[in-house]
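Engineer: Structure provided below as structure tokens; questions to follow.
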Amino acid sequence: MSIPLTNDMLSMEWDEIFSQFISLICISVLSILFGAKSTIERLRHLTYARLLVLLIYIASWAFTTASTILVATNNYNQISCTLSILTCDVFYAASKILIYAWLIERIWVVEAVKTRRMKTPLYRFHIALLMPYFVIFSLMVVYRESYLEENGTCTIGLQPPAAIPLMVYDFIFNLYMTGLFIRPLMQHSVQRGFASETQLERCELRVLAKRTLVASVVCLLVSLANILILSILRHERGLICLTCCTFDVTVNAVTIHFVTNRSKPVREDIFVQPYRDTHISDRDTDIFAMVDEHDTSTKASQHTMNTNDGERLNETFAYNSDIQDGKY
């Protein structure tokens, strides 16, 4: 039986308009970030870490776009209301898994860049840490709630069997990752002057760890606040839940973009670039590729490296235009 339309059904409240406005801003921001990361030159030298960043943007954009449509249609619509919680479960969980995989990749570069990923015990351990999230995702799907209030508004949420494990896992995982990135920052600073191989590596690792620490802390705080509110309230109006999750994934994406972006060479006072030109070693490959992930003001120069396992790797290193002109 169809429900007769009324003026209340056809009109939008101020909070719905505000939610749509926030969603459109987030879609625009994510589109700009994706465009900045997906130039032809970058796609030509696509690495695993850069691919993860692009996938994070795509998953975040897909979730934000879907939530924008659902916010406008979930009142007086049980199907749209059900799709709202499923969208939160699927796209939100996918973006989180990609962010965790990106953090794991950065940890591998900091801790064990000499060894291939799957031959590193710490890397395999971190991949194993992702497995519980798939179980939690199943709980999120099974113990979801979505229903229409008497006034027609859509209310969605997670029951405690899904909300509590999600909150605990998210907090512990992000806290653990944060601790791993703090450790390299406790080392002594690199001395001024021409950098040795060890000094250069330490400098690059400190920069990498410091930037990723920012991303880890932001992900921890934003996600914890979002999930904590969801757990305390247990149920939220659909538009509130979708808007909060939209803001969550957008902040995470912007943070990752900031962390993987730089406008000037790292530690020019220790002659990093001349050292790269003459003393690139196999263990520097992934460090430089991660630190120089998207220096848009530089020229790309491709170098072929040998890993300890004897395989050939093609990595892209950014060389600053000033150094190319001999101005260092």
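The backbone N, Cα and C atoms fix where each Cβ goes, and this holds for glycine too.
Straight from TrEMBL, here's the annotation block:
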- 17-36: transmembrane segment (TRANSMEM)
- 48-71: transmembrane segment (TRANSMEM)
- 83-104: transmembrane segment (TRANSMEM)
- 125-143: transmembrane segment (TRANSMEM)
- 163-182: transmembrane segment (TRANSMEM)
- 212-233: transmembrane segment (TRANSMEM)
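Locate each feature and note its surroundings.
Structural biologist: Here the transmembrane segment (17-36) has long-range neighbours at 54, 57-58, 60-61, 64-65, 67-68, 71-72, 239-240, 242-243, 246-247, 250, 253-254, 257, 294, 296, meaning same-chain residues at least 6 beyond its ends whose C-beta is under 8 angstroms from one of its own.
Packing against the transmembrane segment (48-71) from elsewhere in the chain are residues 16, 19-20, 23-24, 26-27, 30-31, 33-34, 37-38, 42, 80, 83-84, 87-88, 91-92, 94-95, 98-99, 101-102, 105-106, 109, 238-239, 242-243, 245-246, 249-250, 252-253, 256-257, 260, 289-290, 293-294: each is 6 or more residues past its ends and has a CB under 8 Å from a CB in it.
Packing against the transmembrane segment (125-143) from elsewhere in the chain are residues 86, 89, 93, 96-97, 100-101, 104, 107-108, 158-163, 165-166, 169, 173: each is 6 or more residues past its ends and has a CB under 8 Å from a CB in it.
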